[in-house]
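K.L.:
This is the structure I want to talk about, given as structure tokens.
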Amino acid sequence: MPKKFYITTPIYYPSGNLHIGHAYTTTLADILKRYKKLDGYETYFLTGSDEHGQKIEQKAEEENLTPMEYLKDKVESFKTLWNLLYIDYDKFIRTTDVYHEETVKKIFTKLLEEGYIYEGKYEGFYCVSCEEFLNSDQITKDNRCKISNNAVVVVQEDTYFLQLSKFQNFIENDVLASDFLIPAYRRNEMINSFVKPELKDLSVTRTSFSWGIPINENPKHIVYVWIDALTNYITALGYLQENDSNFNKYWGDKDTEILHLAGKEIIRFHSIYWPAILKGLNLRQPNHLLGHGWILSGGTKMSKSIGNVVDPIKIIQKYGADGFRFYIAYELPTEKDGNFTEDLFVESYNAHLANNVGNLISRTNQMITKYFEGKLNHSVIKMNSVVEKEVISTINNYKKLMDEYKISEATRVVLDLGKTLNKYIEEQTPWTLAKEERFEELEEVLITLQKAIVAVILLLKPILVENTDKMFNDMGISKKQIEIINFDNILEMKFEKIESKQILFNRIK
Ligand code: MSP
């Protein structure tokens, strides 16, 4: 039985256009899925859109459309972006999908029957733009929401509560005391900010708007966004539905590795509410939540009013998907906030893709073609053993880091191998060996490079999807071989005569 991996992104709000921040999370998920697949896992990758709530209702109204009309184009634009980025998701969930809506109602009923949800009354502060009830520590002295900075309103409303207080001990001593939340420093942050001050019961229905899922028990109540949204991770698999084979296969198996990705401002929902809901439903917990920082543009958070929102489509059209995916993988480690500007992007592209990886492939390709007409004799001469050791230790380090979801560090290890190989060329001076007709030594150097470069390409395969086949081709690896290459047979590939030389990762001027 192959090992299994289930990975999810947050489902994005279609209330605006997607920007580089959303593309960031989705690309990280795609890279991890592709890595796991290469490593022999059976994988399932879920993304989607979070379509209910007051904001969507208002947006549609502003444009004189019904919410569903408004959402149609938005969702199409999400999918267009994912296609441009080569995102290989297995399912796209919309929270307006009928199966999702029906299952959310059932989930609500289940939690109600188990006594984890009760009916009550909410009195207090409400932030319209966050669509959230606020505690006194979430508002400023002059009654503004600390997150949105908008004036809060005082409301009184009938509502159902999720009894989070019942999960206080579980969240504090099980979930947040384990290795569930990554990076580790976020665990204390959650405990100190939300759990230690005691978990307050959470209002999970609204009566003030109608664009959402009404509960069966009392249809004037709409399920409030977080129960609706978080449960997508199981409804998409078929939980409580007739066809629940994916649910049983992935969530139902305790050995499936389950990973959620989420940005720092929604870690709270994923590391407190979501584990509580799962516990209430008597379901297993995900293995990890990888919480990541924000991408800033020119040092500040992107926002329409500042005018610093980076449109990923423009960057992809200008420089290609691989350049963009590479920047995300390498330059934006998940533990902290990162920066994106076009200048930084070009600098990184030139330094790593053009001067390191692209250059390495191109000069090796040229030398094999020039000195040996494209075909080296691997059966007689072997790869240099020092370089071989270096390649093997790179593969091991890379895998260890990727298994910890440290994509940036794993990429660095591969780039370091690329640098070593470029240096190896400078030291061995194949052109001198050729001039002096030391052909055996020359062939060993080129065989060493050819094999090691194939390893570099394979390790970059989860990231550089647009160019991988071309890169392999330039090293004499046939289509058939590309299909079977993996981490175990990486150094045993057969080489064809090199016929091609494609222009890869040209320097950007
Ligand atoms: N709909 C909710 C998520 C529900 S998941 C059950 C939501 N949607 S969102 O569209 O506002 O944001 C989705 C994700 O995009 C979040 O993880 C958020 O952190 C991420 N990003 C939005 N802007 C970002 C940056 N500038 N940088 C990095 N990620 C950012 O929240």
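Heads up, the Cβ atoms here are built off N, Cα and C, so glycines get one too.
Under the heading domain 'Methionyl/Leucyl tRNA synthetase', TrEMBL lists 6-140, 141-364. Per TrEMBL, the feature motif ''HIGH' region' maps to 12-22. Residues or ranges marked as Zn(2+) binding site by TrEMBL: C127, C130, C145. Residues or ranges marked as motif ''KMSKS' region' in TrEMBL: 301-305. As annotated by TrEMBL, domain 'Methionyl-tRNA synthetase anticodon-binding' applies to 386-483.
Help me understand the surroundings of these features in the structure.
P.N.:
On the 0 to 100 pLDDT scale, the model's mean across the domain 'Methionyl/Leucyl tRNA synthetase' (6-140) is 94.
Secondary structure of the motif ''HIGH' region' (12-22) per DSSP (helix as H, G, I; strand as E, B; remaining residues coil): 3 helix, 1 strand, 7 coil.
With a 10 A radius on its CB, C130 (Zn(2+) binding site) counts 16 other CB atoms from all the protein chains. Reduced to three states, the DSSP call for C130 (Zn(2+) binding site) is coil.
Taken through DSSP, the motif ''KMSKS' region' (301-305) splits into 0 helix, 1 strand, 4 coil.
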K.L.:
For the motif ''KMSKS' region' (301-305), give me same-chain residues lying six or more residues beyond its boundaries with a C-beta closer than 8 angstroms to one of its C-beta atoms, as numbers and ranges.
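P.N.:
For the motif ''KMSKS' region' (301-305), the sequence-distant neighbours (Cβ-Cβ under 8 Å, at least 6 residues beyond its ends) are 16, 19-21, 294-295.
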K.L.:
Which residues, sitting 6 or more apart from C145 (Zn(2+) binding site) on the same chain, put a CB under 8 Å from its CB?
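P.N.:
When sequence neighbours closer than 6 are ignored, C145 (Zn(2+) binding site) has C127, S129, C130, L134, Q138, I139, A151, V152 within Cβ distance under 8 Å.
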K.L.:
Would you count the other C-beta atoms found within 10 angstroms of the C-beta of C127 (Zn(2+) binding site) for me?
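P.N.:
C127 (Zn(2+) binding site) is surrounded by 21 other Cβ atoms within 10 Å.
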